[in-house]
Amino acid sequence: MSTARTENPVLMGMSSQNGQLRGPLKPSAGPGGGGTQTQQINQLKNASTINSGSQQQAQSMSSVIKPGDDWKKTLKLPPKDLRIKTSDVTSTKGNEFEDYCLKRELLMGIFEMGWEKPSPIQEESIPIALSGRDILARAKNGTGKSGAYLIPLLERLDLKKDCIQAMVIVPTRELALQVSQICIQVSKHMGGVKVMATTGGTNLRDDIMRLDDTVHVVIATPGRILDLIKKGVAKVDHIQMIVLDEADKLLSQDFVQIMEDIIITLPKNRQILLYSATFPLSVQKFMTSHLQKPYEINLMEELTLKGVTQYYAYVTERQKVHCLNTLFSRLQINQSIIFCNSSQRVELLAKKISQLGYSCFYIHAKMRQEHRNRVFHDFRNGLCRNLVCTDLFTRGIDIQAVNVVINFDFPKLAETYLHRIGRSGRFGHLGLAINLITYDDRFNLKSIEEQLGTEIKPIPSSIDKSLYVAEYHSESGEDKP
């Protein structure tokens, strides 16, 4: 099925839910979410109530599960994911999550997330992180990095202590909410793990009040957590682990001084875990200064995901919208993300797409945080098929229903391109990346191909659906008749 369309395209009004210009809403086969979008945001906002009911649940569960019982029979497992997966996540050593001697309650949360076996980055990271050693890990986007650090982080928590014991720092507010949600879900059987998400753009007073209650894990953006530390409300003197997710961005010029200021407030015996797809010189410098004999993991024989097929279409600026319209009508889009190079172009393009009759949300950094949160959760829950955005949405955002990424504006940097196309083909699945290239972009195209060691091919007149549509494959990878 191609993208949902109306017979008489009109510009739809502003949604009362998220203030987006959009055409008719057609629920796609997006990833399921627990509860409504509003419920999810409230859950992430209220650290004092997060998992507060889990203690009773875990206690009742543990009273049922006895040594020798087949405890896996009690699990509420999600439907098995039968989509084909690439070697980015299947090329493992054959380990099982049980091999790491994890708490049974943590294993229950892992399996109920649908995580059947550890991915390569999880196999490499989990035992080392459990030993307390610093880690410098380089792995592709969408290969399970969040699980690689959240599993050992949760295993090492001591719930008898009512203090912050672990901190995860991420570069964007949306990624903080996403990681928080994963942490909450994985730890739901552990009996009272308190997770707090704190980001800029939200009420500082609310965060201060929530820190009066017990918090074990903080997921934060750099500026907000430093502010809370300086005010003396975020007590970090008992932190045993700090994780820098998307470390290359966190240690760029935008954040590096803030990160330095955060690190010096932590205990000297803290464990530092760095995860990223790219490691520029700034990361190497930080590693030399702050990591103690780190265990280095490099799973990057190539930079781009194996499951993402890349094409370019040579167009003039005036032809871009027409080309996009053609792609919408010919591609079998589950969900798509469309990138522009400025906030203004994002809004203009979203308006154009809505006028063409396609359902469309947009998101960029200049929007109010409340609207950004709503758009993120609505799109994640499959309420809209297409999302137009800036590079705000390139970092770590994991929406596995996205099978098509379109660079309406081609990026100038190879790093930006790498993170953009990594929004499709998540966790070893198949995806498509299409780049609209103008005359002025041709040198950037060649440069990015050379830097990433990849080939971006001219778009064919017809694209084989088996390259990006999961239904055309069985689990064994054989094409369906």
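Placement of Cβ uses the backbone N, Cα and C atoms for every residue, glycine included.
What Swiss-Prot records for Ala139, Lys140, Asn141, Gly142, Thr143, Gly144, Lys145, Ser146 is ATP binding site.
As annotated by Swiss-Prot, compositional bias 'Polar residues' applies to 41-51.
Taken from Swiss-Prot, the feature compositional bias 'Low complexity' covers 52-63.
The domain 'Helicase ATP-binding' annotation in Swiss-Prot covers 126-297.
The domain 'Helicase C-terminal' annotation in Swiss-Prot covers 307-467.
Taken from Swiss-Prot, the feature region 'Disordered' covers 1-72.
The annotation motif 'Q motif' is assigned in Swiss-Prot to 95-123. Averaged across the motif 'Q motif' (95-123), the predicted model reaches a pLDDT of 90.
Taken from Swiss-Prot, the feature motif 'DEAD box' applies to 245-248. Across the motif 'DEAD box' (245-248), DSSP helix (H, G, I), strand (E, B) and coil residues number 2 helix, 1 strand, 1 coil.
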*Tally the residues of the motif 'Q motif' (95-123) by DSSP class, grouping H, G and I as helix, E and B as strand, and everything else as coil.*
17 helix, 0 strand, 12 coil
_Just to be sure I understand the packing, how many Cβ atoms besides its own are within 10 Å of the Cβ of Lys145 (ATP binding site)?_
26
*Just how many other Cβ atoms lie inside 10 Å of the Cβ on Ala139 (ATP binding site)?*
23
